[in-house]
Amino acid sequence: MGVGECGIIYILGLMILTGLLSSMTQGKKVHYYDFVLKETNFTKLCTTKSILTVNDSFPGPVIHVHKGDTVFVNIYNNGTYGVTIHWHGVKQPRNPWSDGPENITQCPIPPRSSFTQKVILSTEEGTIWWHAHSDWSRATVHGAFIILPAKGTSYPFPDPHAEKTIVIGEWYKGDVMAIIDEALATGGDPNVSDAFTINGQPGDLYDCSNETTSRFFVNYGKTYLFRIINAAMNEEHFFGVAQHNLTVVGSDAAYTNPINTDYIMITPGQTIDVLITANQSPDFYYIASTPFVDGEVEYDNSTTTAILQYNGNYTPSSPIPFPSLPSYNDSTAAENFRKLLRSLANEDHPINVPVNVTRRIYMTISINQIHCENASCSGPDGNKLAASLNNISFQTPSIDVLQAYYKTLPVFTKDFPEEPPNYFNFTAEFVSGNKSFPTLGTKVIVLDYNESVEIVWQGTNVLNSSENHPMHLHGFSFYVVGAGLGNFNNETDPKTFNLIDPPEVNTIGVPKNGWLAMRFFADNPGVWFMHCHLERHSSWGMSTVIIVKNGRTEATSILPPPKYMPPCS
């Protein structure tokens, strides 16, 4: 072997070693998971039914990673219909191809086929989750996604003795896909769930359930980190633990200023991390989650429970102590909790709130109706229920928006209105019926790369159907800089904005008959879904798409698509 060849081998070896050392220094890893979608039988509420699951589990498997890692998930669809998976709270920098919402960034993975998604983590640290994003399949297809601090770093609070995960869900005796299909066909409200669950179990207050109630074992004097995820379909929740204080330390994979409270309000899509110290007399204590519903709608008026059980020898109290939670329609309690959320905003966990806004969007949120001939539908006045943003009820295309954008296909229009088409007293006690009929369309918002964006959400009382709406934006976290009741005043309300330590989240509840302002930098090129996380509202069209254009460099442009994407039929 010549000197030149030896030199080349030496240089290549040095490059490989340098790369390995760099990877070890950064502490970032690549993880691989296999998700097998299949029907599995479960027995709850005295009956057995088949549900779609991942790896035969409900909830599905937990993903564990560190900040900045990359995850490849091989998804095998052994079910009976097409499904997509969304990584809720992952920003996926430049990689909308693996974000997952059906017919927004991809078409469904057909039965008897597979698709590998690349999940790129960046600044997220804490608790997020994953779920199906096809019709209502996420009712049973979801799981926790835990992002530990980067190697060599630690929590901004003393290390807990142990960590626990709580996933709040809903259980339907009927087939969830049939329930939403029937509702969309008739134009009426979908059936409500038959139970709520904690880690897949309804708890002691439901029939045939007390033998399987979830239990969380603790040692006296120790502090535990509980990661709480609301994976419910249509209900926000009040949550608490009997006789135990909750210290909120994180939300949506970002740290918060510590909050001491005896309850939290958590919307579908949100995650909240709390510290709980086992400092009470050794006993059993109920963990409870009850619905928060401040609208005039039918809802599942039941309570799911689990048990915080101290280790040791003692005789448990009878009855088991139960937490005191706000009443089901206590909007004040819900808003008071939201107001407590603040970013940690310190040197180790800085924030970057847009101050000089270059793009302002004023967005109304409404429940609507669509006219049915001969009043033949099951909604108000014989019409079909719908929902809208700025009076546009989103129509999901048959070819995904991302593919259409990348290939310049005529699937969507770029004329989504950035303010309401008509101004009126949005939160009046009575809003006339002629304001309740939306325009149907696949209209999107287009943003220039790195624009400083402010969206002000405005709740409305159209059809006398005002309620709290949990709004979720894919591809970003955003800062909640202000909120209030009534109609937003663009002269006085911005003077109250918090630009110092606003909470950084990806899902937030817009108060009933009120407004909420959020800001973010449009620094993630791609196609990103934005929608209400009450599933019935999203099904009715309370959503839109944000397209962020490429920047001027390769590093600020969408990554090329993978070699294989599920086909659109």
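Every residue, even glycine, has its Cβ placed from backbone N, Cα and C.
Automatic prediction, not curation, is the source of TrEMBL annotations.
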Transmembrane segment according to TrEMBL, located in which of 7-25, 444-462: 7-25
Mean predicted confidence [pLDDT] for the domain 'Plastocyanin-like' (416-551): 96
The domain 'Plastocyanin-like' (38-150), counted residue by residue under DSSP: helix, strand, coil: 6 helix, 58 strand, 49 coil
